[in-house]
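Novice: Just lifted these from TrEMBL, have a look:
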type	residues	note
TRANSMEM	B:21-42	transmembrane segment
TRANSMEM	B:54-74	transmembrane segment
TRANSMEM	B:81-101	transmembrane segment
TRANSMEM	B:107-125	transmembrane segment
TRANSMEM	B:132-153	transmembrane segment
TRANSMEM	B:173-206	transmembrane segment
TRANSMEM	B:227-246	transmembrane segment
TRANSMEM	B:252-274	transmembrane segment
TRANSMEM	B:281-301	transmembrane segment
TRANSMEM	B:307-325	transmembrane segment
Amino acid sequence: MKFKKFAVAAATSLVMLASAAQAEDKPVVGLIMKSLANEFFQNMLEGAKAHEKQRGDYKLLAVGMQNETDFESQINAVENFITQGVDAIVVAPADSRAMVRPLKKAMAAGIVVVNFDVALDEEVKKQQGVNLAFVGPDNRSGAKMAGDALAKKLGKGGKVVIIEGNPGADNGIQRARGFRDTVAEYGLDLVDSRTAHWETEEANSVFSNMLTAHPDIQGVMAANDSMAIGVVKALESAGRDDIMVVGFDNIDAVGPMIYDGRMLATVDQFGQAMAANAISMALEVVAGGPDLEGWVTTPIELVVGK
Amino acid sequence: MTIQTGDEVAQASGNFSIRTVLHNAGIGLALLALILFFSIFTEHFLTANNITNILTQVTINLILAVGMTFVILIGGIDLSVGSVMAFASVIAGKAITLAGLGPFEAIVLAVIAATAVGVVCGAINGTITARWSLPSFIITLGMLNIARGAALQASNAQTIYSFPLAFEDFGSAMFYGVPVVFMVALALVFIAWFILNFTVFGRLLYGIGNNEEAVRLAGHSVYRYKIAAFTICGLTAGIAAVVYMARLNISSPIAGIGFELNAIAAVIIGGTSLNGGRGSVIGTLIGAFIIGVLANGLILIGLSDFMRQMITGVVIIIAVILDYYRAKYTRR
């Protein structure tokens, strides 16, 4: 009798404890971003914070990095999240190879890991025996959409140049590949391809020089909009309105340029929603849903003027 | 060794001697050789359009390098100029896009804002460096992060755009094929040259670089002159911000990453000693052109980005080695 009473009391207190813990401990999601100095990721972070507030059923811990190449801080962030015992880690890896091992450790600790924005390297995943889905846009086919819009205007043999992102940055590489896909498919003449490190002023200088070397350029494919702005300014200074420019990202500053035709097109990959979507998917798995598999592509859209 | 007064030190190292003219002629010859090389090996290098391009592309680095010359002459360094330029451009961008301002008021406000940010950041660098006799390398490294963070914070990492048309016109204005913004830079070179050669202040800066203690013993306030040198450097970062905005019609919190290194390279290639006390702003002018002509010409030749980066590095190292020999053979 006494024992039964004790057991009931114990059980109730346990239940109370558990529910109290649950009320306080909504699932915790650790979000690991890339450089928050990048407009794109800053918007993404804001989208995620709005999402947290709107849903209200999870707690968001977000970590960014100092700059594009500071991937060590991402690895540290994963380790800290493991220590804190988060329920899910949603990560946009700065390095598609270096991040595999720490994420494997997180999965072994029972944390749901969702990889978004930039896919982890398939080879390394195989090597480490990690099976992890990717949620994100196809940068390569996005760039090809912008490139195709340009190619359709120029026709076969059109002379184009590519302004690339940071050498070594995965999204930059994918976008350059997408542009080259266009070049191959439409038989364009790629006269030069150079990096301007994602930056407006550098793109302005680099493109001015390319234009001097190749005055017969007809089209420019820039791997992001910041660089496209630099190209547009270079064309204005050179007094050339016969050269078409496409960019990528659809940042606010190119709105007027698309509108008045100084830029032909850009690509929107809905960055603001991207982290939020990835978090929703992670929460579904945390709640007992099936594991994600393969490549869950997120929408991309070509933005053109009227 | 006898102790010289600050003025004597300054005069002894005076940069108006035949020796210095020879220094500068050396780098000038290197620049001429580069120009000759690219003129022969590329068909577009020596065209009016390309020269205009080079002048435009040299402008921002030249402006930053003029300020940097002051700091390096006193034996300091300023690593923060690229970030300070970005911060100044963001604050000025906020000012220029304020609702309800006429275009003229907006531009004036932006120019004041940019230069004020530059001056304040420079003065902070100088005050802390001088007050506690700390290495400027570390203090300005701190400022590099502070200003970059502040630029990102103030702009929320967004590009600021849509400036008054008159401002864009200024940024792209030409005077007989010479960009007006370049003429601003050239005017700054001239003003700096005048200050460094013909004012007591300028000659004392050389003196501080040569022998700080001597200048102090001669009864001058080294503290104040150091702050002034860093403040001038900050001011040029603010002016560079205005030029950046006028030229590109945006303010970007990620502008100017690594610009400090290009500015330092221009100063050093121009023959100013990293140890201070020796060099000239005319050398800096030539140094900035060597960097600009290289960047331009190597693209025209069609060299890959990576090769281009390597060659720029090689040129910097060669310049410093040449400087070693120049110092050795022209020493009294």
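Note that Cβ sites are derived from N, Cα and C of the backbone, with glycine treated the same way.
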Novice: Count the CB pairs under 8 A between the transmembrane segment (B:252-274) and each of B:54-74, B:107-125, B:132-153, B:173-206, B:227-246, then give me the winner.
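Specialist: Answer is B:54-74, with the largest number of Cβ pairs below 8 Å.
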Novice: Can you tell me which parts of the same chain pack against the transmembrane segment (B:54-74), counting only residues 6+ beyond its ends and a CB-CB cutoff under 8 A?
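Specialist: Counting only partners 6 or more residues beyond its ends, the transmembrane segment (B:54-74) has Cβ contacts under 8 Å with 81-82, 85, 122, 136, 178-179, 181-182, 184-185, 188-189, 192, 196, 205-206, 208-209, 225-226, 229-230, 232-237, 239-240, 243-244, 247, 259-260, 262-264, 266-268, 270, 272-274, 276-281, 284-285, 287-289, 291-293, 295-296.
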Novice: With pairs closer than 6 in sequence left out, are the transmembrane segment (B:81-101) and the transmembrane segment (B:132-153) joined by 3 or more CB pairs under 8 Å?
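Specialist: They are in contact.
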Novice: For the transmembrane segment (B:281-301) and the transmembrane segment (B:107-125), check the count of CB pairs under 8 Å (sequence separation 6 or more) and say whether it reaches 3 or more.
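Specialist: Result for the transmembrane segment (B:281-301) with the transmembrane segment (B:107-125) is no.
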Novice: Hey, which bits of the same chain come close to the transmembrane segment (B:107-125), Cβ under 8 Å, at least six residues off its ends?
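Specialist: Same-chain residues near the transmembrane segment (B:107-125) but 6 or more away: 67, 78, 80, 84-85, 87-89, 91-96, 98, 101, 136, 139-140, 143, 147, 164, 166-167, 170, 227, 230-239, 241-242, 245.
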Novice: Which residues, given as numbers and ranges, are at least 6 beyond the ends of the transmembrane segment (B:307-325) yet have a Cβ under 8 Å from it?
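Specialist: Apart from its flanks, the transmembrane segment (B:307-325) reaches 26-27, 265, 268-269, 271, 273-274, 287, 290-291, 294-295, 298-299.
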